[in-house]
Amino acid sequence: MDITFKDVSYTYQPGTPFQGIGLKHINLTIESGSYTALIGHTGSGKSTLLQHLNALLKPTEGVVQIGERQITPETNNKNLKVIRQKVGMVFQFPESQLFEATVQKDIAFGPQNFGVPEAEALERAKAMVELVGLPEAVLEQSPFDLSGGQMRRVAIAGVLAMQPEVLILDEPTAGLDPVGRREMMGLFEKLHREQGMTIVMVTHQMDDVANYADHVVVLENGGIAKSGTPREIFADPEWLTSKQLGLPTTTQFAQALIKKGFGFPKVPLTEHELAAMLRDQLPQGAGGANE
């Protein structure tokens with residue numbers, strides 16, 4: 001299910017003293033099965049764009065096409081339910097939205113709200129708990145008795161239980177330690193790889209952009225400043241710095257090596273890529289005493 005923005009603009013509180021531009025003339029296609037990262041400094045329009053993906057916001061001008069359905073300024077809110085079932089959104093700190101007495105009931109709430117029979121929704125909850133890496137025993141526990149990382153997994157399981165085709169992630173690893181962040185990103189990569197799920201992620205973690213995304217959109221002042229593959233975007237560190245954006249850790253290290261005289265055939269994005277490129281530049285046998 002492709003998502004297309006056709007000359008989309010959005011104005012906050014139009015006609016009031018608080019009027020502000022959220023998006024301006026966005027033209028963008030997010031292809032089915034892709035993994036897209038939205039990056040930009042605070043206030044660039046990332047979250048505003050994200051909320052158009054499942055019609056939490058409707059465009060002030062232009063058209064958002066989600067699969068076969070169009071969202072325009074005139075679209076009736078009653079027609080948005082199907083879209084919100086197909087496009088699941090994981091907000092920042094989603095664990096704050098947990099409310100049911102047990103984990104199973106909390107996960108089952110979303111599907112039931114969309115008309116899934118209770119018995120089927122409860123079965124989905126069991127399957128989703130396993131999918132997000134939690135033991136079945138947590139189903140009867142209160143979500144508020146779990147650790148912060150477990151609570152976040154429960155909240156994500158609730159979104160996945162609605163069987164969305166597109167998963168929208170707003171800073172999904174915010175507040176997690178490095179191990180928790182790696183596990184969470186591994187879960188999303190598994191969904192993308194094994195189920196072909198389309199993923200759109202807002203993040204400030206450039207390492208995650210380099211390791212997981214296949215397309216990057218850079219937003220600035222409500223518009224698209226640049227888009228391309230991670231390698232294309234991170235190939236110009238000076239431009240990124242001018243936009244108050246950083247580089248992946250590996251790419252930063254490679255830039256330091258370039259200043260020391262090393263050369264690379266392309267921008268290394270991951271540790272494995274950098275190691276392979278450095279290995280090619282070392283004299284044979286220089287990798288260690290065992291070689």
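Yeah, the Cβs are placed from backbone N, Cα and C, and that goes for glycine too.
What Swiss-Prot records for 3-246 is domain 'ABC transporter', and it gives sequence analysis as the kind of evidence. Across the domain 'ABC transporter' (3-246), the prediction's mean pLDDT works out to 94.
Proximity of Gly43 (ATP binding site) to non-local residues of its own chain (separation of 6 or more, Cβ distance below 8 Å) is seen for Asn221, given in sequence order. Gly43 (ATP binding site) falls outside any helix or strand according to DSSP and counts as coil. The annotation ATP binding site is assigned in Swiss-Prot to Gly40, His41, Thr42, Gly43, Ser44, Gly45, Lys46, Ser47.
The ATP site, placed at the center of the C-beta atoms of Gly40, His41, Thr42, Gly43, Ser44, Gly45, Lys46, Ser47, has further neighbours from the same chain whose C-beta lies within 8 angstroms: Leu219, Glu220. Shown are the binding-site residues Thr42, Ser44, Ser47; of these, the residue with the fewest other Cβ atoms within 10 Å is Thr42. Lys46 (ATP binding site): 23 other CB atoms within 10 A of its CB, across all protein chains.
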